[in-house]
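Data first, discussion second: the structure below is written as structure tokens.
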Amino acid sequence: RADGSVEETGPVRAAQQHGPTHTGAVTSVAALKPDLCVSGGRDKSVAVCSWRSGAALRRFVGHEREVTKVTSALDSNRVFSASRDKTVMMWELHGTSGPSQRFPGHDLVVTGLAVSPDASQLCTGSRDNTVCKWDTETGECLGRAAISRNLVTHLCWVPGEPYLIQTSEDKTIRIWDSRELQVAHVFPAKQHIQTCCDVSQDGRYCLSSSSGSAGEGSEATLWDLRQTRNRVREYKGHFQTTTSCVFLPQGPALAPSIATSSYDSTVKVWDRDTGACLATLCLEGSGPLTSLAACDSSTLLCASFNSGIHVLQMSDHAGLALEEVAAF
């Protein structure tokens, strides 16, 4: 450990290696249905895979540059992808190989992507300082809002609410009202660029993660969405930029938990309420980790620069254990 202490570990199972889903870095991964995920990569493709078998079930090709973000609405057969080619596309899981809808209109790389729970509306954000709202059926732009220096890094929808959370390179986290596409609240600015955000399933809290280096910054932050709208807690332990943060479904960890991934090649699981780090896994040789997705109460997917998508399993025997079981 960094503090000089030694942690005893039990026997480590060899992770099962499947054929790589993407050629090159995987930039984004998202959970679909119980055993499916969608991912995007520098190879410009969007892939739908079974994370249990590592088998690629569909591959969508249409972007001209690297895919930056992928997402899907819960229980929807549609997936969405954003790209450095300034476009967003919608794909049908059971449709043709081409996009069923395109959403052009941003002037720079699209870096934020969130779909409403009913999949009727899509919100996108870009380095062009704008957030846009779209009708997923018609592809029509329903609204466009620009804020100076608001270089969007991530967007996520608040479950059951007409609100969105957005992180930015200007170090702030904004709450947007999607109905009028107006900012409803801005949290106090952090010290570093905010890279990612997530919202708890009950809509009470949001998470954001920070850039950083040499142990400075690189934290995740818990925010109250309902009452005081204040900062609740920070989770510090990564040594480089924390790229992704997710709330974990209730499961092996007895307490409500979150997970983070970082450019330092580690994934950490934290006790949401105390801030204690419950488990750390270093993915040797993976390079920077780019994206996390929670599949169920015990399974995490982690996208990496060098070694594809890692399937991580959590178990609670004598304390929480986190191990890699497969990669594809």
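Here the Cβ of each residue, glycine as well, is placed from N, Cα and C on the backbone.
TrEMBL lists 1-24 with the feature region 'Disordered'.
Long-range contacts of the repeat 'WD' (60-93) within its own chain (CB-CB distance under 8 A, at least 6 residues past either end) are made by residues 27-30, 32-33, 38-42, 44-48, 99-104, 106-119, 122, 124, 126, 134, 136, 154. Positions annotated as repeat 'WD' by TrEMBL: 60-93 (among others).
Summarising the annotation, TrEMBL assigns repeat 'WD' to 103-144 (among others). Secondary structure of the repeat 'WD' (103-144) per DSSP, as helix, strand and coil residue counts: 0 helix, 23 strand, 19 coil.
Summarising model confidence by region, the repeat 'WD' (152-186) averages a pLDDT of 96. Sequence annotations record features per position, and here TrEMBL assigns repeat 'WD' to 152-186 (among others).
The repeat 'WD' annotation in TrEMBL covers 235-280 (among others).
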Item checked: Long-range neighbours of the repeat 'WD' (103-144), counting only residues six or more past its ends (CB under 8 A) -> 68-74, 76, 78, 80-84, 86-90, 150-157, 159-160, 164, 166, 169, 176, 178, 180-181
Note to self: From the DSSP assignment alone, can you count helix, strand and coil residues within the repeat 'WD' (60-93)?
What the structure shows: 0 helix, 19 strand, 15 coil
Margin query: What does the DSSP secondary structure composition of the repeat 'WD' (235-280) look like, as residue counts for helix, strand and coil?
Written below: 0 helix, 23 strand, 23 coil
